[in-house]
Every structure is written in C-alpha cells, then in structure tokens.
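Trainee: Take this structure first; my questions come after.
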Amino acid sequence: MEKLSSPKKTIEIIQKYNFDFQKKFGQNFLIDSHVLQKIIDAAHITKDDFVLEIGPGIGTMTQYLSEHAREVMAVEIDHNLIPILKETLAGYDNVEVLNEDILKVDIGKIAEEKNQGRPIKVVANLPYYITTPIIMGLFEKNVPMDSLTVMVQKEVAQRMQAVPGTKDYGALSLAVQFYAEPYIVANVPPNCFMPRPKVGSAVIRLTRYKDMPIKVKNEKLMFSIIRASFNQRRKTLQNGINNSSALHFSKEQVVEALGEMELSPTIRGEALSLEQFARLSDLLEG
Ligand code: SAM
C-alpha cells in the first residue's frame with residue numbers, strides 16, 4: 001500500500017470509506033511526512049523493539065512504525081476505522097490492530113506476552129481529551145517501558161517539561177518528572193493535521209528512568225501534598241496543605257517541616273523542586 005502521509009491520500013481513503021471524523025475521539029490525523037519522520041527519529045526505534053501505538057487513526061504513523069520496529073500493536077477505539085486499517089496496513093505483517101479503549105487495556109500483560117516483560121516503546125499522536133490519564137496510567141501501573149514519544153497539546157508539553165518558578169510548573173510537571181526525563185522534540189502547527197485542531201501541538205519524548213532519582217517514603221502522600229500546593233496557586237504552600245481535605249497536618253507541623261528544610265513559612269508550591277517535595281513529604285510522614 002502506498003504511504004498515507006499526504007493530504008491527497010488521506011482524503012482519498014476518508015472518501016472511499018465515507019468516514020466521519022469523531023470529535024469525541026479527538027480525531028486529528030497527521031498529514032505531514034516530515035513530522036512523522038521526526039517522531040520516528042525521536043523515538044529511537046530499532047528492529048528489536050515492540051512498539052505500542054495508541055490511536056492509529058487510518059494507519060499513517062503505523063506504516064512508519066511497522067517499517068522500523070520488530071512488532072507493532074495499535075490500539076484503536078473507533079470501530080469505523082478497523083476496515084480502513086485492514087486496507088492501509090495490508091502487507092505490513094508485523095502489525096496487530098486491537099479494537100479497544102486504551103484506558104481499559106492491560107498493557108503490562110501485553111508487554112509480558114509480546115515482549116517477554118522487556119521494556120516496550122510507546123509512540124502516539126494522542127487523543128488530546130485523555131492525554132494525562134493515558135500517560136500517568138502507563139507510569140503509575142509500572143508498565144515496563146523505555147520511552148513514550150507522543151504528540152500532545154503544546155501547552156501540555158510545556159507543562160510536562162517546566163522547571164520550578166516558571167508559570168507552567170505544576171502538579172503535571174512533577175508527576176511526569178518523577179518517572180521520566182522530558183524532552184520537547186518539536187512544535188507542530190495545526191496545518192499538519194486533518195481536520196486542523198484549534199490548538200498548537202508538540203512532540204515530547206518522555207524517557208522512563210530505570211532507577212528513579214527521587215526516593216520518597218510515601219509516594220501517595222507526596223502527590224497529595226503536591227496537588228494541595230498547586231490547588232490554590234496564589235496561596236502559600238502551608239495554606240494549600242492545611243486547606244486540603246485529603247491531608248490532616250496542623251499549621252505547626254507544616255511550618256516546622258519547612259523550617260527544618262530552611263524554607264520560609266510563606267513559600268509557595270511553585271518554588272519547590274521535586275526533591276524538596278519528597279523531603280517535605282518524608283518529614284511530614286514522620
Ligand atoms: N495516529 C493517527 C494519526 O496520527 O493520524 C490518529 C491520531 S488522532 C489524534 C487520535 C486517535 O486515537 C484517533 O484515531 C482516535 O479514534 C483514537 N482514540 C481516541 N480515544 C481512544 C481510546 N480511548 N483508546 C484508543 N484509541 C483512541
């Protein structure tokens with residue numbers, strides 16, 4: 001099958017199958033071969049790799065992945081795309097398409113069965129309405145994974161890569177950076193997609209840490225503290241923690257812990273690094 005990565009070829013397929021784009025599934029298909037090549041290069045895929053693609057659409061990126069990887073599994077929720085994928089991926093015999101909701105798939109089991117539990121690579125032009133649950137689900141469920149190379153909304157990519165003290169820094173930056181090292185590969189304008197999204201996009205690679213650099217006694221507690229600190233951005237960290245219904249520390253406990261870290265009692269959450277949040281969590285846990 002001829003490569004799909006041109007507007008002409010994409011329109012041809014869409015018309016042939018009378019396909020209706022579903023907004024609710026975040027369907028914006030890539031129609032730019034340079035961007036596709038950039039994603040493939042950034043993902044460092046080799047013939048040893050098992051690649052999971054989330055949301056193949058009509059199979060544009062899947063064709064590229066198939067040529068570079070040992071094996072590809074593409075999980076697509078929209079059953080109307082399945083007959084299209086049958087045609088566009090005919091002849092790409094290292095690809096399997098699964099008609100499922102990615103949020104309901106046991107990816108750990110797939111890695112076990114298809115890659116003997118060795119780390120997989122995840123590559124996707126993600127449906128933007130579920131970017132965070134997909135990414136955090138992969139990390140939190142400890143799916144064996146080398147890296148995630150994904151297209152996301154530009155602002156979301158910036159938040160994932162943000163450092164303390166910047167306007168984009170927040171709970172998402174800390175959650176992602178606890179598990180992985182982020183690197184924004186490229187910004188991608190709306191005209192590279194069909195239909196054009198309203199927002200700018202970016203490709204980001206998240207390289208999963210083999211040894212997590214930040215150790216914390218109680219991860220759950222640390223993330224509750226992080227969420228509480230950024231819930232009320234203009235308030236102090238201490239206020240955020242004391243106003244949270246998920247946490248039960250007194251004002252004195254928080255001020256004492258901050259003092260032990262040589263931090264001001266009026267410091268704001270956005271000034272703290274991940275390492276400092278981990279230390280604060282350990283001190284409060286006692
Ligand atoms: N990979 C294609 C491309 O780059 O042209 C399509 C990308 S499009 C932004 C997102 C794709 O994810 C769509 O095909 C959509 O149907 C699919 N999708 C949306 N929600 C999904 C879910 N929960 N599980 C699996 N696929 C999903």
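Note: Cβ is positioned from N, Cα and C throughout, glycine not excepted.
Okay, so TrEMBL annotates it like this:
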BINDING   Asn28, Leu30, Gly55, Glu76, Asp101, Asn125  S-adenosyl-L-methionine binding site
DOMAIN    35-210  domain 'Ribosomal RNA adenine methylase transferase N-terminal'
Trainee: Given the binding-site residues Gly55, Asn125, which one's Cβ is surrounded by the fewest other Cβ atoms within 10 Å?
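Mentor: Among the binding-site residues Gly55, Asn125, the sparsest Cβ neighbourhood within 10 Å belongs to Gly55.
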Trainee: Do any residues at least six apart in sequence from Asn28 (S-adenosyl-L-methionine binding site), in the same chain, have a Cβ closer than 8 Å to its Cβ, and if so which, in order?
Mentor: Asn125, Phe193, Met194, Pro195, Arg196, Pro197
Trainee: Validating a neighbour-count step here. Other CB atoms within 10 A of the CB of Asp101 (S-adenosyl-L-methionine binding site): how many?
Mentor: 10
Trainee: Going by DSSP, give the three-state secondary structure for Asn28 (S-adenosyl-L-methionine binding site).
Mentor: coil
